[in-house]
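Below: the structure, in structure tokens.
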Number of protein chains: 2
Amino acid sequence: MLEQFRSKITEKKKIDGALSILQWDLETCTPKKGQEFLSEIVGYLTMKGYEISTSKEFVELLDKLKSNLNSLSPIDKKEVEIISEEIEKMKHIPSNEYQYFSELVVKAQGIWEQAKLSNNYKIYEDKLQEIFDYTLKFAKYNRKNEANLYDVVLNEYEKGMTTEKLDIFFESLKEEIVPLLQKIVAKGNPKRKLNFYNSIENQKKFNRKIGEYLGFDFDRGVVRESEHPFTLNVDKNDVRLTTKYVENTPFSAIFSTIHETGHGIYEQQIGDELKGTILACGGSMGIHESQSRFYENIIGRSKAFWKGIYSEAQNYNPILKEITIDDFYKEINIVEPSLIRTEADELTYSLHIMVRYEIEKELFSGNIKAKDLPKIWNEKMIKYLGIAPKYDSQGVLQDVHWAGGLIGYFPSYALGSAYSVQIYNAMKKDMDIDKVLENGEMDKIKNWLGDKIHKYGRLKETEEIIREITGEGLNPKYYIDYLKKKYSAIYNLDI
Amino acid sequence: MLEQFRSKITEKKKIDGALSILQWDLETCTPKKGQEFLSEIVGYLTMKGYEISTSKEFVELLDKLKSNLNSLSPIDKKEVEIISEEIEKMKHIPSNEYQYFSELVVKAQGIWEQAKLSNNYKIYEDKLQEIFDYTLKFAKYNRKNEANLYDVVLNEYEKGMTTEKLDIFFESLKEEIVPLLQKIVAKGNPKRKLNFYNSIENQKKFNRKIGEYLGFDFDRGVVRESEHPFTLNVDKNDVRLTTKYVENTPFSAIFSTIHETGHGIYEQQIGDELKGTILACGGSMGIHESQSRFYENIIGRSKAFWKGIYSEAQNYNPILKEITIDDFYKEINIVEPSLIRTEADELTYSLHIMVRYEIEKELFSGNIKAKDLPKIWNEKMIKYLGIAPKYDSQGVLQDVHWAGGLIGYFPSYALGSAYSVQIYNAMKKDMDIDKVLENGEMDKIKNWLGDKIHKYGRLKETEEIIREITGEGLNPKYYIDYLKKKYSAIYNLDI
């Protein structure tokens, strides 16, 4: 019985693997007019996977296994549980709607790209509304009795997450971080030196070095380019990152590479004992983002990290020879309200997320429609960051997520930031992190994360992992304390 | 009934589309250790396509349609015929062997790459033997009564092709081209000026220009890099080429780009009325190669073509400012026995094919084994080209084809060369080609080929197309005459 189950899982994993490659291709390679056919292929294969999961044969198999859960190994048991939950969700969705939606999001991504490139929100808003409508509809199918349907989609990315918890989280950001930002803005910033010409070829070489330095295994992964950087795993032996190079702002690609490498190392360190199971990938979006943001901010924007690699950085960016490491540290931590989330500094980043969180919430409550977004976006940007975009391409159109059907995903970034600080505090108890970084012993960091988090894949829930490491669950207090301490020191603020 | 048939075809085309993307990914992107899982996915999807084609339902449907062939449109009719032939072939092959073979060739390509990079034929020879054995076995399943099984595989790529016809073809090459080559070698060559440093970035820009100039539509196609340049079509709106850049030999990439663009333009010009059918792609390998070699040699190595684009070429390759177009023309037509087929000049090219043809024939007859190939390869190179490789990586390991299961494919290159001259002679009757090229009116060439060849896809057989255009079938005489005329002029030979 277990054997039949495994054989079905193997089949599903092959379809999912093919879908990952197609998704990767769409974002890194497919020519404009080829997107339509590819989206049909994606719809077709998604449907094939759906058919396996919802087949009478498979459901019966699963029911039998469920009736005997305690006789299973922990891995088999967890797999059965996760799949049962997924099927429970899926079986409420009519298959034609499911297929329609999976094709819709592929097409929408093409249209989003055009809309962004041409700064024309109008051509995209209907598709976006449709995506929201479908997401809402699916959430309703799924939990008819749920008062707050936004909670249903939040749970897709972070089990147990609720609007109530997030409201508390973002309320504390409003109370503590928005005023801190205002103080910093009043103080002003040093003149930037880090925007300088560096050829794309040269940037690529340095970014490759950084990936290797952090411990990304290039025999089991690749780095390419895309408009919107992302990480995708086919399996632990095939992990793919993208970054985006801009000739005169080399540090944009560098932090993006460090961020995605954080995701990538997570996937590459999944335990071998999970091979062939659906547990063989990263856990919730929140814990995934905790890893990327840990590498990007806590490691990547620390002085100790750059001490370990500064001479190498100077080789690829000769202008750094004229900049002391103290000045460099200040520069990579400049706080400045800006328009683009992915290029935001560590402090303002979560405020960008707050804008998206509030919009998703209101769209779900039906108070607003997709057509209202540009206006509302800009109002919220003014309210929290003090600036608003002149062009929608730098505003509501900047992110691909919603076009890709990822609604309820954005809060994971903020959760990830909060988790990352909790993890950092725990890691400090086991090693002198600054010393490790100065010595360039990046493997020590990687191994610690591998052992405490990565190896488990989806075997353990995020909550469980965080509790084991830190002794408590999500607590935004540490994150806010960390930000206040770090930035009051950099800006000489007395808070 | 026709509707059910169309719906099955649509399904097959989606699976084939996914397989094309996976194949593309394997050759341009997949990390080394990711190849294994990807090969399993390829095996799985190949099997799914096989299951559709061989399902009772589909075969019955096809039988019904076949019993009523004359009531069908020409397009439907041709489709039914081709699919029936394919199924006829497939149904003799046990499905487990079919799946095994499709995974084998993916794995073999990975091993071939390692073997080539490390110049180690040993690690690859067993896999190669296995591929030959399976190909032979499948040929046997397919036509038990065929005396010459090599003819069976030749037919996979060129309908109606036989060892007998090819023997005549290659015999005339031996008689006419080998002595011509010896005369040219005796005369000696001018000192080469075209090997100079040009950055990869700059080369990419010029190659892109060339692609656009020839008429490749980049909204419906992409160009990337791979070890072995190739063209792949997902459909006419998604046509993909690769090329390979070498810093100090920019003209290597240029001729490779022109060659692949010839394939690419063919695919992009398939008639819209064939959309959604299995006829919507290029015809036999021979006719496909006739298009790439037409662009590469007849166009790309002509003086008139370069007259039309020489000032642009000088912009990207400043050294050309010091070279007259007459000298340039002589240089790009230098005849010199060399080791690598893809970099061979127009005259010696077919001799490289002859080496492969003879080896395939002998392997099929059982006279030799894969383990003997390095030795035999080198002997034949000496015999026909007067030189032999020092390293297998430059000899028997140079091409990916056999690793990919393409046995019987190589002769198509020679056939393509022969067809290309027959097509050229026909085109000359309709336009002053030299004038068209000098004026840079590349669309005229493209449209002529589109109208006479490309639009038909697989609706017409190669033989039929060639007869319509030229009034006769394959005839190597024109090709040999063309070579003799062109090269005796360049080398001032009296032959």
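Keep in mind that glycine also has a Cβ here, set from the backbone N, Cα and C atoms.
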Looking at TrEMBL, which one out of B:E247, B:E273, B:E289 binds Zn(2+) in the same site as B:H259, B:H263?
B:E289
Three-class DSSP secondary structure - B:E289 (Zn(2+) binding site):
helix
Tell me, by DSSP, whether B:E260 (active site, proton donor/acceptor) is helix, strand or coil?
helix
With an 8 Å cut-off on Cβ distance to the B:H259, B:H263, B:E289 Cβ center, who else from the chain surrounds the Zn(2+) site?
B:T231, B:E260, B:G262, B:H288, B:Q291, B:S292, B:R293, B:Y295, B:E296, B:G416
Which residue, out of the recorded positions B:E260, B:E289, shows the minimum number of other Cβ atoms inside 10 Å of its Cβ in this structure?
B:E260
Can you tell me how many other Cβ atoms are located within 10 Å of the Cβ belonging to B:H259 (Zn(2+) binding site)?
24
If you draw a 10 Å sphere on the Cβ of B:H263 (Zn(2+) binding site), how many other Cβ atoms land inside?
24
